[in-house]
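**Q** Dropping the structure in here first, questions after.
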Amino acid sequence: SQGWTSDSDDSDKFEWDNDGEAEPSSAPAMRNFGSPGPSTLCAKGSNDWINGEVPPTSLIERYVVMGFPKEMVMKSIKEIGHSDADALLELLLTYKALDDDDAVGNNHSTSGCILPVVEDDDDPDFENCDGDDDAGGRESSSDDSGYEDFMREMSERDEKINSLVNMGFSEDEANRAIIRCGADADICVLVDSVSASRVAEDCHSRNLSDHQVTDRCFNSFGGRKKARLMEESRKKRKRYGGGGQGNRPSLDGSDEESMPLPNPMVGFNLPGYSGSSVTRMLSKLDTGPPFFYYENVARAPKGEWAKISRNLFDIQPEFVDSLHLCAAARKRGYIHNLPIENRSPLLPLPPKTIFEAFPHYKKWWPSWDTRTHLNCLQTCVASAKLTDRIQRALVSSSNPPPKSVQKDVMDECKKWNLIWVGKNKVAPLEPHEMELLLGFPRDHTRGVGKTQRYKSLGNSFQVDTVAYHLSVLRRMFPNGVRVLSLFTGIGGGEVALHKLGIHMRVVISVEIGEASKKIFRSWWDQTQTGTLIEIDDVKSLTNDRVASFISQFGGFDLVIGGSPCNNLAGSNRHHRDGLEGKHSALFYDYVRILNFVKSTMAGR
């Protein structure tokens with residue numbers, strides 16, 4: 001062996017592997033929700049967090065997106081910490097279900113530490129609890145009116161829970177819908193909420209019973225009487241036949257909720273694939289319109305795809321490696337509510353092998369390089385220093401070179417998708433060659449710097465794969481579609497729709513990258529006649545703005561996007577923090593916006 005190693009310009013930033021995805025982009029930092037709250041929130045002081053550890057701002061924002069007040073989230077974390085996610089979410093749900101004002105709205109709360117946990121669950125009157133019936137002086141010793149109001153409220157909740165259970169929903173789904181929408185919400189609003197908002201689903205895949213939650217938190221809400229009423233209400237709902245999902249298995253049957261990737265990674269079906277296709281059934285409430293389509297890297301950290309699925313209505317991901325459709329690998333997961341029958345590929349079919357895509361390189365290709373497909377296309381390419389070193393190693397070797405040299409060269413060729421452009425000479429793919437492999441028109445990214453072209457293409461959709469999934473929309477929308485495009489990038493989804501012959505009547509495009517916006521806007525101006533509205537930051541797309549667009553255009557037919565993969569990608573060894581990472585936490589904005597679109601359109 002020559003003893004040389006890769007020293008690509010970017011190799012000191014990340015350890016790139018065969019599934020290396022995107023490097024960190026210029027996505028905005030999450031807003032700071034972790035600043036100290038009012039001193040009245042916790043007797044220990046505003047900065048006295050459990051174990052002295054301040055929780056990540058993305059964690060606080062995640063629960064805020066679910067609909068919990070920030071002050072409630074901060075108080076709960078200060079009381080029990082954030083290491084036990086199920087306990088924290090159960091506490092938040094209980095606070096919100098019983099009495100928000102009693103829980104966090106009063107300045108003279110006496111609770112400044114972990115709430116007491118009842119040890120004896122068999123005592124129906126909770127006599128073994130060290131209860132403080134007045135809960136800080138907020139309830140009088142004779143609270144008959146409070147008792148009647150509480151009982152009336154619980155009766156109304158029971159009736160609505162019973163109605164939802166009879167419709168086929170679980171008791172837990174019904175309860176969470178009432179928590180989100182309020183006990184006085186109309187039943188149709190609750191039905192929409194069950195469909196559109198399941199972001200708190202993970203707490204119900206654990207084994208915490210209503211009894212434990214009531215025991216843990218009853219002392220903050222007025223003592224034995226309310227706790228007894230909650231228990232009576234729970235037993236009453238049991239008689240209605242409602243059952244929780246506490247023992248529901250995880251998405252793949254494992255306790256860790258990992259989601260093993262299929263092999264081969266062919267999704268639910270692919271054109272020309274001889275294996276058995278999948279039939280899936282979605283509930284009526286989960287089907288479109290609006291249809292939605294979400295994409296991210298397949299090889300995310302363990303458990304992250306289970307989280308993504310739970311937040312997107314428990315719909316199973318469709319994992320596809322694009323090497324089954326083109327000459328380059330691209331392992332991605334897609335969650336969508338599109339039909340999977342009667343799909344059709346783009347024609348003509350893209351080249352399926354390296355030599356079909358680039359036949360002119362065959363004359364220089366050594367026999368010991370047996371690649372037929374390229375690896376996942378990266379956001380950066382190998383340096384000239386590395387390619388020169390490879391050439392010198394081959395020139396100084398025999399023909400064919402020793403096995404050790406072959407191995408070193410092939411490792412770098414696979415890692416950086418190097419192709420043979422001359423005798424003993426390798427080079428990175430040119431941007432127009434990456435455009436071909438990813439299904440974009442030639443020169444789609446031309447007009448920005450070469451580095452930006454590589455970066456934008458490395459972060460893009462593989463158009464042929466996405467078009468195969470979206471092809472079912474052709475028959476459904478002969479007059480065109482209205483699209484809400486989140487994290488648009490260079491417009492892979494829109495290019496797919498265009499190549500399918502689907503007219504885009506309007507596209508609301510949300511993209512923060514200036515180079516990507518320039519590329520997409522240039523393509524749009526040259527090819528489209530519909531309305532394009534551009535928004536810089538997903539954070540600025542508030543629910544009010546979404547509502548105004550729905551009113552202006554009559555709703556959306558498709559919500560499409562792939563949130564940043566920076567903290568999910570296997571190539572990012574230093575900041576692979578999953579959905580709680582700085583950039584990938586923007587996934588929860590996709591969820592927020594989609595839920596709002598679905599609930600708003602359901603009410604029209």
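Glycine too: its Cβ is placed from the backbone N, Cα and C atoms.
Automated prediction, rather than curation, is the source of TrEMBL annotations.
Marked as active site by TrEMBL: C565. Among the features that TrEMBL reports, compositional bias 'Acidic residues' is placed at 118-134. What TrEMBL records for 53-95, 156-186 is domain 'UBA'. The domain 'SAM-dependent MTase DRM-type' feature in TrEMBL is assigned to 278-604. Feature annotation from TrEMBL assigns region 'Disordered' to 1-38, 116-147, 229-262.
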**Q** Within the domain 'UBA' (156-186) only, compute the mean pLDDT.
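**A** The answer is 74, the mean pLDDT of the model over that range.
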**Q** At a 10 Å cut-off from the C-beta of C565 (active site), count the other C-beta atoms across all protein chains.
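**A** Other Cβ atoms within 10 Å of C565 (active site): 26.
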**Q** Quick one: DSSP breakdown of the domain 'UBA' (53-95) into helix, strand and coil?
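**A** When I sort the residues of the domain 'UBA' (53-95) into the three classes, I find 31 helix, 0 strand, 12 coil.
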